[in-house]
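Database features, via TrEMBL:
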TRANSMEM  A:58-78  transmembrane segment
TRANSMEM  A:85-106  transmembrane segment
TRANSMEM  A:112-133  transmembrane segment
TRANSMEM  A:140-161  transmembrane segment
TRANSMEM  A:189-213  transmembrane segment
TRANSMEM  A:234-259  transmembrane segment
TRANSMEM  A:271-292  transmembrane segment
TRANSMEM  A:304-321  transmembrane segment
Amino acid sequence: MRGWLLPSLALLVIAAFAGSLLVGPAGLAPLAVLDGLFGLRSETVVLVVQEIRLPRSLLAATIGATLGLAGAALQGYLRNPLAEPGLIGISGAAALGAVLTLYTGLSAAFSLALPIGGMAGAVCAVLLVQALAGRDAGTLSLILAGVAVTSFAAALTSLALNLAPSPFAALEIVFWLLGSLSGRSMEHVALAVPFMAIGWLLLASCARGLDALTLGEDAARSLGFDLRALRRRLILGTALSVGAATAVAGAIGFVGLVIPHLLRPLVGYRPGALLPVSALGGAVLLLLADMAVRVVTPGQELKLGVVTALIGAPFFFWLVVQSRREAT
Amino acid sequence: MPRARAVLVIAAFAILACLQPGAAGAADGERPARVVSLNLCTDQLVLELLERERIASISFLGADPRYSAVAGRARGIPRNHGRAEEVLRLDPDLVLAGTYTSRATVALLRRLDYRVVEMAPPRDIPAVRAQIRRIADVLGVSKRGEALIRAFDRKLRAAAPAGAGARPSAVIYEANGIAVGDGELADAAVEAAGLSNLAAEMGLRGPSPLSLEHLVVARPDVLILQNHGENAPSQATHLLDHPALRHLRERTAVAIVPEALWTCGGPQLAEAVARLAEARRAVQREGG
């Protein structure tokens, strides 16, 4: 089963990445884009491809991978199908942290402050949700804690933006609550990708521990897994990757929910094996969603969160119906 | 009956206003002596045209150098935020307002029989002249108004291109990736400076989003940016720092026009046109 899954997902990522480079208002021919990518065309084409489209595609792929991976890891660790960075408040709190550093001018003075703010917000959210819901949380308490953290973070984000000195800030609430890749540059890539990569490594290192955890905590412990170390790596990995991602693109929901659910049956319900395929799946989904916002309304782009919610919300409905059927 | 209602409304809004007898319904004088302006654009005209003793209040924006070209003259003049109670307390004999701002206040003042003159934002140069003339008449300083218009026209003539040669192209690019298209005052200023507004030629009307890709591909001769002063950080203004735009800035002439010069159609618009003409001349010199 798994033999073909990873390569085919990787191919999909490459195809979606190429497609993402080809889409844009300037309407460049595919060959021109290819040449532009390697700096072989006129300065204008090179500028459009290398400075405008490439950072956008890179961020869509890496942020999508982050959200898919973090969703899969959280679901495995909390043994709860609804654990997802957006739903349990990590993205919202990361956005708040980023907003606080950006609009106070801290990130203008010290650019790393932006991802650090996002990651600090994410750490706070994970710890808060865990404290509120307890370690082996039931679905209800986890979701309640997540809703509480999310709405509190959203309220504080709106408040901070309303109080921000810039006259544009209040209009940017939408960016932070729904997420967007519009106007992103290589500077954002350089700020976010290194932290995301460290986060991925930490999360990937949890794979075997998560597999063992399906047998129960005691069984996992008796197999020699240090559950506390596992938890630390998981929290840190999630916070680093989701925090950095949110700091440059806002809170993008549902990717971490939908992708692990879709792919779980294909890996035999093993949480460890789910991690890499969810990362690739998340990358594909966000690349496609970001192409959609550019194609559907080319003038004034939709926010990314709108598209992911349009895909994710019906899926959520289906999940609710499914769980009720199982309950009866 | 309207009088009784008026008193009630005042009482509800501001006790202070009730303490002043005859607060409402001041007589229409030839030369209003207590003028209140509620709008940034009327603020600037009032500050240009009227001696300060006759200005009872201007809006807080008119005193902000980021938005107002004559903020320096506003020192010591009380500020308002377009709220009815602020106006009633001052008992003005003339209130100037924009047609799009402080609508509730204007409606209330009209009901209370205050003299309110509204001003629509001008969209071209003749409308700017007409507006200066109208406000000067209303304020009873027609001569000063004519002098202001003459100075405005002198400056515009100096900025106009000499011959009917090829006109360099320009794009006004604002925060959030908004370009100014046809039918706007800024577009009229660009044309008056002898440049052609590329965004208008692309079919954009009014302020419209123009993607960074389009801008880079269009390659205007002059890139016109607004100066937001010491603007606080935001995503909207970060876009103007995008590496692609920085490259473009290195390759094209850049004209910086402070927001305060062309937000309103007043005499300060001529200064905006003069700066744009300077950029045009630089491009034409380079082009041979």
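Even glycines carry a Cβ here, placed using N, Cα and C.
Keep in mind that TrEMBL annotations are predicted by a computer and have not been checked by a curator.
The model shown is predicted, which means the values in this text are computed figures rather than measured ones.
Tallying C-beta pairs under 8 angstroms between the transmembrane segment (A:304-321) and each of A:85-106, A:112-133, A:140-161, A:189-213, A:234-259 places A:234-259 first. Most Cβ pairs under 8 Å with the transmembrane segment (A:271-292) belong to A:58-78, among the candidate stretches A:58-78, A:85-106, A:140-161, A:189-213, A:234-259.
The stretch with the most CB contacts under 8 Å to the transmembrane segment (A:58-78), chosen from A:85-106, A:140-161, A:189-213, A:234-259, is A:234-259. Long-range contacts of the transmembrane segment (A:140-161) within its own chain (CB-CB distance under 8 A, at least 6 residues past either end) are made by residues 78, 80, 82-83, 86-89, 92-93, 95-96, 99-100, 103, 121, 125, 128-129, 132-134, 169-170, 172-173, 176-177. Note on the transmembrane segment (A:234-259): residues 59, 62-64, 66-74, 77, 82, 84-87, 90-92, 94-95, 97-98, 114-115, 117-123, 126-127, 175-181, 184, 188, 191-193, 195-196, 198-203, 205-206, 278, 281-282, 285-286, 303-305, 308-309, 311-313, 315-316 of its chain, located 6 or more positions outside it, place their CB under 8 angstroms from a CB of the stretch.
For the transmembrane segment (A:189-213), the residues of the chain that approach it from at least six positions outside its boundaries are 55, 58-59, 62-63, 65-66, 69-70, 73, 76-77, 79, 111-112, 114-115, 119, 219-220, 223, 225, 227, 230, 233-234, 236-245, 247-249, 270-273, 275-276, 279, judged by C-beta separation under 8 angstroms.
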